[in-house]
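The transmembrane segment annotation in TrEMBL covers A:6-28, A:72-94, A:100-119, A:131-153, A:225-244, A:250-268, A:280-301.
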Amino acid sequence: MTLIALTVAWVAFLLGMAWYIAVLDGLWAAAREGRAPRAPLANPLYRCATILRQQSNLTEAPDLLNWRLAPALYAGLAGTGVALVPFSSASVLADLEVGIVWWGAVEALTVVVVFLHGWSANSQLGLIGAYRYVAIGLPVMLISMFVLIAAALPAESLAVPKIIESQRELWNVIRQPLGLPLFLLLGLSLSFRGPFNYADSADIAGGTAAEVSGAPRLVWEFARLAMLTAVATVAASVFLGGYLGPWLPGPVWLVLKTTAVLLVSVGLSHQLARISPSRMMTLIWTVLLPLSFLHLVWAGVLAL
Amino acid sequence: MNVTDIAFWIFAAIAVVSGWRVFCTDSMVRASFLLMLSFIAVGLIMVLLNAPYLGIATVFMMAVEMMVMALFMVMYMMNPAGLNPMMMVHQHRFSIAAGVFVFAALTGLIVVTRFSSNPVAPDAEVVVGLGKELLGDSMLIFETAGVTLLATMVASVILSSRSGRFGEADTGAVPPPLEPGGEPAGRQPEQASGHAHHHH
Amino acid sequence: MTLTTILIVAAALIGIGLYGTLSQQSFVMLMMGLELMLNGVMLAAVGFWSLTAGGLPTGQLLTIIAMAVMAVEMAVGFALITAVYRNRQADVTEGLTTLKH
């Protein structure tokens with residue numbers, strides 16, 4: 001595949017998956033309220049049109065540069081995450097030798113960008129959302145780094161394609177059973193959904209996005225969906241063997257696995273309740289982080 | 001000029017300009033993220049220099065570090081949002097002179113020195129080499145760095161904890177005066193609980 | 001991109017960092033100056049490693065150590081700032097006068 005074809009596939013993948021998550025969200029919300037969904041497939045597009053028709057809101061003395069840049073940077077980070085993942089053994093947009101490290105940088109920069117988005121609006125609720133997000137987002141990022149290092153151990157490489165190739169015999173989800181569940185929490189945290197929605201939740205009137213409307217809002221909402229897509233794509237590749245699979249061609253397997261991971265993520269984000277930030281901090285530091293250490297030791301012993 | 005050169009000059013300009021703007025901006029949060037930008041630009045130059053692991057690890061580390069820095073800014077500093085103009089400097093002319101002098105002296109040395117040329121081979125496995133070095137011959141150095149970091153963590157907790165062997169760390173803390181020898185400025189310390197409340 | 005240009009960029013970062021360290025009153029801004037100097041040092045180290053050392057692995061190790069030093073500096077620095085703030089309620093260097101008299 002040429003570079004142009006890969007780029008087109010990359011854009012189509014991001015847009016398609018974002019649409020898929022939005023449809024799933026709509027169906028889930030309708031099921032919870034016990035009503036029949038109205039035009040579930042077209043509803044995300046209607047929502048786009050509605051947001052675009054709104055005026056862009058302005059607060060008093062915002063840091064306009066950062067405020068306008070943050071949604072675009074967030075979407076861009078998600079895009080680079082998807083670009084790391086190969087669609088088949090020969091087609092990867094960003095063939096990075098240290099792909100896993102770059103993914104770590106994407107996670108860290110996401111925390112920065114979300115903080116900037118909440119801070120730069122010069123609004124109280126946005127700042128509260130930003131603070132809560134940093135407190136939860138940083139330790140969750142640590143968990144995911146341990147999990148990813150564990151996945152890199154059997155491959156003896158930091159490159160995503162090599163990690164996929166190391167799963168020809170056995171997928172990492174079986175070899176290292178704790179990895180995928182812990183990594184799914186990262187997806188919920190990076191796109192702040194459900195139990196990890198500390199940034200943009202309803203109790204602070206939308207948090208970092210409380211003051212945002214119009215085109216920046218559209219970019220922000222798309223970026224959240226794109227980031228969840230990126231996490232699911234990386235999860236499908238690192239734990240579920242990515243493009244590996246019998247009978248069907250590689251890209252189809254990747255799409256199938258990604259949609260399955262997304263289905264589970266969306267389900268978790270709608271089914272699990274959110275606990276208060278301080279309790280979540282305790283849970284992360286005293287239960288989840290030690291679990292990820294154990295996971296790393298387990299993976300290390302297996303890889304010996 | 002090829003693509004690498006153009007990329008290098010762009011990243012170098014970003015690194016230097018954002019590094020300079022760190023000390024000109026009014027907002028302390030903006031200052032820490034400008035410093036992050038400078039580090040990211042240097043990290044990308046490292047990638048151009050065939051050190052992908054070091055470059056991207058710099059980006060990763062600095063994003064986390066500057067995020068924490070921004071939080072500390074908001075906690076301890078006035079004016080984190082930069083809504084008021086601010087210039088908090090001392091010995092300003094001397095500092096400018098020192099900075100310019102060091103830059104000029106180093107540049108002079110760099111220009112007159114003749115460096116040997118032995119570039120890293122383009123197909124060298126630098127990441128593998130680094131990993132083998134870290135956990136092979138240089139393992140003792142690497143582990144020493146790790147133990148140092150652990151000691152740092154313990155030391156920072158001890159230094160920054162409020163309760164200690166000699167009572168609360170902030171007992172009797174009085175804000176510094178605005179003028180030398182003047183009245184303490186700003187917020188007076190809160191009385192410790194359990195004592196009778198009286199205000200000065 | 002030659003070693004000379006890389007080192008001049010590193011020298012500029014070190015010069016700006018020194019200016020910040022000497023001129024800033026606030027502790028956190030002062031630490032930013034230190035970090036900027038270390039940034040220049042790391043760039044110079046990688047430049048030397050890449051263009052004159054022929055990819056010797058120990059050269060990369062030096063940069064890793066510089067990063068660890070930076071992390072130590074940050075952590076101890078913030079802990080000291082917290083301790084000073086508790087003791088003196090000061091966030092600027094002028095707030096510390098005990099060593100003067």
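Glycine residues also receive a Cβ, built from the backbone N, Cα and C atoms like all the rest.
Automatic prediction, not curation, is the source of TrEMBL annotations.
In this chain, the transmembrane segment (A:100-119) does not touch the transmembrane segment (A:250-268); fewer than three CB pairs sit within less than 8 A of each other, excluding pairs fewer than 6 residues apart. Under 8 Å from some Cβ of the transmembrane segment (A:72-94) lie the Cβ atoms of residues 1, 3, 6-7, 9-10, 13-14, 102-103, 106, 109-110, 113-114, 117, 160-161, 164-165, 219-220, 222-224, 226-227, 229-231, 233-234, 236-237, 242-243, 249-251, 254, all in the same chain and six or more residues away from its ends.
The stretch from A:100-119, A:131-153, A:225-244, A:280-301 that makes the most Cβ contacts under 8 Å with the transmembrane segment (A:6-28) is A:225-244. Tertiary neighbourhood of the transmembrane segment (A:131-153): same-chain residues 100, 103-104, 107-108, 110-111, 114-115, 118, 163, 172, 176, 178-179, 182-183, 185-186, 189-190, 192, 196, 198-199, 207-208, 238-239, 277, 280-281, 284-285, 288-289, 292-293, 295-296, 298-300, 302-303, selected by CB-CB distance under 8 Å and a gap of 6+ residues from either end.
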